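A.B. asks: This is the structure I want to talk about, given as structure tokens.
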Amino acid sequence: MQLLHLAILSPFLFAFIIPFLAKYAKRVHTGWFVLILPVLLFIYFLPMIRMTQSGETLRSVLEWIPSLGINFTVYIDGLGLLFALLITGIGSLVTLYSIFYLSKEKEQLGPFYVYLLMFMGAMLGVVLVDNVMVLYMFWELTSLSSFLLIGYWYKREKSRYGAAKSLLITVSGGLCMLGGFILLYLITDSFSIREMVHQVQLIAGHELFIPAMILILLGAFTKSAQFPFYIWLPDAMEAPTPVSAYLHSATMVKAGIYVIARFSPIFAFSAQWFWIVSLVGLFTMVWGSFHAVKQTDLKSILAFSTVSQLGMIISMLGVSAAALHYGHTEYYTVAAMAAIFHLINHATFKGSLFMAVGIIDHETGTRDIRKLGGLMAIMPITFTISLIGTFSMAGLPPFNGFLSKEMFFTSMLRVTHFDLFNVQTWGVLFPLFAWIGSVFTFIYSMKLLFKTFRGNYQPEQLEKQAHEAPVGMLVPPVILVALAVSLFFFPNILSYSLIEPAMNSIYPTLLDGHEKFHVHISQWHGVTTELLMTAGIVVIGTIGYLSLNKWKGIYKLFPSKLTLNRLYDKLLTMMEKGSYRVTKQYMTGFLRDYLLYIFAGFIILIGGAFAIKGGFSFKTEGMAKIGVYEIILTLVMISATVATVFARSRLTAIIALGVVGYTLALFFVIFRAPDLALTQLVIETISVALFLLCFYHLPKLRLKTKTRTFRMTNFIISLGVGVIVTLLGIASSSQRTKDSIASFFVKHSHDLGGGDNVVNVILVDFRGFDTMFEITVLTIAALGIYSMIKTKVKEEGKSGE
């Protein structure tokens, strides 16, 4: 295992230590120990920027299941490194923030930081592995760990509901994505993303291209909360604020964006990719920003804001597909450039806003915007953080959000000039949707800021006396807003170090024989259409915010009964009721019914498959002749079996069943296997004795009258099982595709096992572990039975078995 693999697995390894630290180092907040790891990982990944800047990549393979082509392959390029730095950098700040947010006296810190480290490791695995099967494994780990984090306050019903909702939706999408990965494997015969990229022409011309693309997009859309799968994200706000700041601003919700960007070289050649990704993203942007305006909970506003911003980034990745048709000029690649830049910007301003909202909740006891107001003088630093964050989110200068929003407008305006995918007619919708979504973004940004910090202070509405947060809680958001300001004045620090290498990863096929991408971001381009669109947003957005009370009645046009949340709840209820009804039909409580299902399934599936494929064919060559003794013993065994079934007392049935076992021992004698014969005799004797001992204490056997249908069903099922098992045995012995392994045991029994008794050597040496674990299972079963017999329950001074 190399250092790269260890870097990804280190959060999981460190998570094992956390419970002990939380238990035995109670004087120190557990977060201080946890903080060390993301900081070290960030420092480890940071120097790799020079490598990706020069166009180099880093690849390391750890074999896992090489026979299936599934290996733990770490591949670091510009895109993966960008996400790794976001995961570890934001993770460090969130961990520092959580130290002051979560009380070591009131909260269970051990589980919280175990879940947080699990999530961090899973996210690193998603963005840094090359094998899609390993990627899927880490993908599902992000869903599992986020479920645990969202449900951290598990005593709250809303927390449990939100956690279950996120798990159900994201895991369903993950299963779809797994199906897409398998389809790609069927096309390319490889699980490696790099090898898939090199077989783009093969994939594009295959009939499974569209199904694979749709399945992978479903996985990405569910994880990145795109319409109509966004409904899990607002309910996930029941998680502690550090979780929201980490998962829902910079990491988990960006996993879908990563997948779309990573698979763009494979799918972006198609018109379907362009339309699906860009339109779903644009519609989600408008839908999320529109619904954010009506929210009254600060975290709900940020949740719908996140939905909108993610849609904005995804729409740009969809539009960037045009570059694969026109070439890698700046005119067509600006959308990808803007998507990457806004990905970074969103992590800064949204992370700071989540932390600011957490501070407000922590220091006032509420997030209800109707109870807040007048906090600007009381919490001036938090106000400054919120001002920079909201203005950047609204796309106003001098903050980084303004630059990426202008680039977003540029990419949408250029769509109208694409002679591609028949966008001439519908191309005008792209900048129109972008502008409408930005207007609502401006309105909810102003609402979040001014409704919270301006107006009248209402101490009677608050659970706590409002005051400024401690310094430790303020440091992480201050760092983030400082980045938001700095990146406006010095954006090209990112251009050359992170954005260009990431674009090289998104467009690897465009660089063959061409020079590298050159990204340069400027604050001023003169009076352009984009600037006029921004001015219009400010004017219309200000009017919309000031007149919000007059037009917010429009939200009543959307009945609560028709919302996606209500639809989700109804579908869940219908599935639960339906599954209960179906289960009630076959879960009768009778063991014979369950055996009937099993045996009927065996007959239909196994018997049907063999019959269709012609598996029931027999060869008589090489078979020994059937002797008189064998015929006699067979008749005795059949007679004893019939007697067992029709016996009128348990004693008779047990004796007849014993005859079957002893007859089998005689077969072993005839076939010259004395050890097996002796073993069978001993086992049969013990079994008969135990049966007699147990049944002696049971009431007398009462023969109940059974219906003809019941008896006929039992007869058909038992006859079918017997016939199929017999046919399978004969067919398998007469249709050997390879030589029998018996000769190997006979030949090497003495040399390798040190014994001449082949059967004993097989049991003790060749399959020694099987024998050992069989004994272990029997021992555990015996202990369980013994404990049941010896355990006595005392009730009212009496004891009973």
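For all residues, glycine too, the Cβ spot is worked out from N, Cα and C.
These figures come from a predicted structure and were not determined experimentally.
Heads up, here are the entries from Swiss-Prot:
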{"type": "TRANSMEM", "residues": "28-50", "note": "transmembrane segment"}
{"type": "TRANSMEM", "residues": "80-102", "note": "transmembrane segment"}
{"type": "TRANSMEM", "residues": "109-128", "note": "transmembrane segment"}
{"type": "TRANSMEM", "residues": "132-154", "note": "transmembrane segment"}
{"type": "TRANSMEM", "residues": "166-188", "note": "transmembrane segment"}
{"type": "TRANSMEM", "residues": "229-251", "note": "transmembrane segment"}
{"type": "TRANSMEM", "residues": "338-360", "note": "transmembrane segment"}
{"type": "TRANSMEM", "residues": "471-493", "note": "transmembrane segment"}
{"type": "TRANSMEM", "residues": "526-548", "note": "transmembrane segment"}
{"type": "TRANSMEM", "residues": "594-616", "note": "transmembrane segment"}
{"type": "TRANSMEM", "residues": "626-647", "note": "transmembrane segment"}
{"type": "TRANSMEM", "residues": "676-698", "note": "transmembrane segment"}
A.B. asks: What stretch, picked from 80-102, 132-154, 338-360, 526-548, 594-616, has the most CB pairs under 8 A with the transmembrane segment (471-493)?
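C.D. replies: Counting Cβ pairs under 8 Å, the winner is 338-360.
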A.B. asks: Could you check whether the transmembrane segment (338-360) and the transmembrane segment (526-548) come into contact, where contact means at least 3 Cβ pairs under 8 Å with the two residues of each pair 6 or more apart in sequence?
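C.D. replies: No; fewer than 3 Cβ pairs under 8 Å.
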A.B. asks: What residues in the same chain, six or more past the boundaries of the transmembrane segment (166-188), come closer than 8 Å to it by Cβ-Cβ distance?
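C.D. replies: For the transmembrane segment (166-188), the list is 132-133, 135-136, 139-140, 143-144, 146-147, 150, 195-196, 199, 202-203, 206, 208-209, 211-216, 218-223, 229, 231-233, 235-236, 259, 266, 572.
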A.B. asks: Against which stretches of its own chain does the transmembrane segment (594-616) lie, if we need a Cβ under 8 Å and a gap of at least six residues from its ends?
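C.D. replies: Non-local partners: 586, 713, 717-718, 720-721, 724, 727-728, 731, 735.
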